[in-house]
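Asks: Below is a structure I'd like to ask you about.
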């Protein structure tokens, strides 16, 4: 059964242009071609990259963050409370107004104490700056090395400057060792990102990141298996050209080097918009959609490959909208404050924030029978301290 399924899956009519067969991609006369089984080497290499990453973050990223003045935020631990912890884990991190009042009554706490507990508990789950710095430093190092490596591999190739050359003599295009090693390294890196994704800092575009990694891995494997290495290498190089700038911008943002961060953010935005919204659709999508079938008819692999590229383009548009929001904030406030995908650290004693989250809760709780008091001595003292007054001694 397995052999029958494998034979059906790898039919030439699915993956190769009409009038071509897998026989033309067999190694002969000293020429080596891409074979799908070559990509299996990416699995152990991905595990090796995970080990290299943790070593890099421990012995390079962490000391570098300390040297640049990145420090862990001081967070006050929450007092153990089984009732609140159960609600936090099972029902949600942000209770509604009635839930907050009920929890305060059940625990014998004031409303403000309950609000502070949830704020501190949420802050405990947020990653510290040193963790973010170490992750960004590893990605910056890889993307920069990958971009430089890609330039060195493709600089003298005709298809880098004239994308239509990607289809010259396709699919009978011999595999060059340097291109194979670069391709394999890129695939291994994205697999390693999927492996470590549950442990990395989760941002608001987590689902889009997962989709991006899956699409990228599928593109790399498919393009290698069908010998679409030339156009695949252009897609990888185009993405690497802006990725390292984004990670560098994050690094300087974490170290509070505002001017450098702002300058890098402007450069990154220009490069991102040009490569993802101009070059990608006008050069990559155009050549794969029109020029690829100029000398042959369309086939399943043609539609599948273009569908993956279009999915990437939709993700480009999504992230472009996020960048435009950051640019708007940058113009309005004069500096880039934060990544819009990141959560903000909540203050433990932010009465104004509590009022915004629960604007009518205090009055409702005060008049509800059995509700916890919100205007006791401890609440008044906390308000005076929040307003800048110190308690009398």
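Glycine is no exception: its Cβ is also placed from the backbone N, Cα and C atoms.
Positions annotated as transmembrane segment by TrEMBL: 39-56, 140-160, 180-199, 260-280, 300-328. Residues or ranges marked as domain 'Homeobox' in TrEMBL: 71-128. Marked as DNA-binding region by TrEMBL: 73-129. Per TrEMBL, the feature domain 'TLC' maps to 131-332. Residues annotated as region 'Disordered' in TrEMBL: 342-393.
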Asks: Where else in the chain does the transmembrane segment (39-56) make close Cβ contacts, counting only residues six or more beyond its ends and a cut-off under 8 Å?
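Replies: Sequence-distant neighbours of the transmembrane segment (39-56): 137-138, 141, 184-185, 187-189, 191-192, 195-196, 220-221, 224-225.
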Asks: On the 0 to 100 pLDDT scale, where does the domain 'Homeobox' (71-128) sit on average?
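Replies: Averaged over the domain 'Homeobox' (71-128), per-residue pLDDT gives 77.
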Asks: As a quick check of your reading of DSSP, tell me how many residues in the domain 'Homeobox' (71-128) are helical, how many are strand and how many are coil.
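Replies: Split into helix, strand and coil, the domain 'Homeobox' (71-128) gives 35 helix, 0 strand, 23 coil.
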